[in-house]
């Protein structure tokens, strides 16, 4: 090979060697750069992870706000527990972190074993709609920081809900401001604290006319819902007309139940009212029994009006007996529900028979002629006893939890004392509809009938021109009809602060003595009927040629309507004109 060729080959080899060296250097540089980029990405990922977890939690809170409410207990329980789990996994470097949406606010605090106590107010939350404060005692971390069991980190989670959708109980209870304040110590159960946790709620209006009760959410206690509100371990203090203080010995979700029903009474007033009720109900029972016995002893002809009177007395006896027995059944869950339903049934029956008395008086006053109704008493008994039974059975089937132990709220400084209780209706909706509403309709109907009767009495006296001589008897008649129609029960609706004290005593006296007043009315009517018979007999003996009772000019005595012979004969289509006037003129027949 020539020297020229050899030189060319050697140059070519040297160039290849240089290029291989250059390629090796260029290949080494991308490996270092890739490693550097990976480290940078890991660092960025590590810094972004806490923010990503926080953002996911906030997005989940927004999802809860917009979620359609579900009555399924599993759905609501799963959603709340998922929120708690996400809050446990939120990482932050500061002492606390705040996560907020429009209706849900969450606070997370890092605690130590030398916990000095903590007070959380709505100043921590920019979107807080109402004022509130939670105060945690120093004892909060003692159970978790026992010797040898001290955790590496303690975390306190507080969740504030401005909506009650996820905590609706079976009774759909009314909550103050719709606020639920929850607190928990992660992975630790806090209960039976010697130093209470104080939660203060404020309202922009006075709360004095409400019954307020501090409660906590007890999981698994509800039937349709995933929990129920309970008062165990919580005390209620009305600090001012606008502030409620709840003192509880454990951590959970807290709220304040509101009841629009009544105003608390003092213990000094409750004692005499209780004695008046016991004595009055006992007298009514004895008087109603005596009235029934006197009726059977007199052996008078039974008529529709008499049957209605006797059924009213029976309903009064049952109502008073159920009322007296009810307080003794409060500590028997099943028995208390049955007794509450029985008390409700007897009350509705008594009110229904009062309305039937008014209806019967209407027939006597207005529809005097051609008012025969086939099987009249059977239809009235079906209405008087069957309709209330249908209502109570329907409530037991649809909402049996509405009946049970009902506590009577009293003004008492000692928060550890137990309020008196009775077996009654616990649901305010049912109480307002099937007690207050039912009694209101009955009282209004009978009041209209009473006004109508007084108007007819006034017209009768004006025609006879004997108003001055009959005024005492007519006043007694009006008072007797008022008692018979139960218009005194309308005193229960005059429940405001200016009339509270006299209303309580007047309502208790008149309603408990209702059977006794009916007995007095029965005695007065019996005496009046006997005098009418004696006067009529002596008049016929001394002046046999005077006007006959069948004269159409004779007017019926309104004072005798309620004990006169019924215009509904046991047989036959209707009364004739003369027969009606004769029956009304002789109330003893």
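Residue 1 is the first one shown; counting continues down the chain.
Note: Cβ is positioned from N, Cα and C throughout, glycine not excepted.
Feature annotation from TrEMBL assigns domain 'GAIN-B' to 88-264. The domain 'G-protein coupled receptors family 2 profile 2' annotation in TrEMBL covers 273-526. Marked as transmembrane segment by TrEMBL: 273-294, 306-325, 345-365, 377-398, 430-454, 475-498, 504-524. Feature annotation from TrEMBL assigns region 'Disordered' to 534-589. Marked as compositional bias 'Polar residues' by TrEMBL: 548-565. The annotation compositional bias 'Basic and acidic residues' is assigned in TrEMBL to 578-589.
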Inset, instruction - Might you confirm whether the transmembrane segment (273-294) is in contact with the transmembrane segment (345-365), defined here as three or more C-beta pairs under 8 A between residues 6 or more apart in sequence? - result: no
Legend entry - Per Cβ pairs under 8 Å, the stretch of 273-294, 306-325, 377-398, 430-454 packing most closely against the transmembrane segment (504-524): 273-294
Inset, instruction - Across the whole of the domain 'G-protein coupled receptors family 2 profile 2' (273-526), what does the mean pLDDT come to? Round it, please. - result: 82
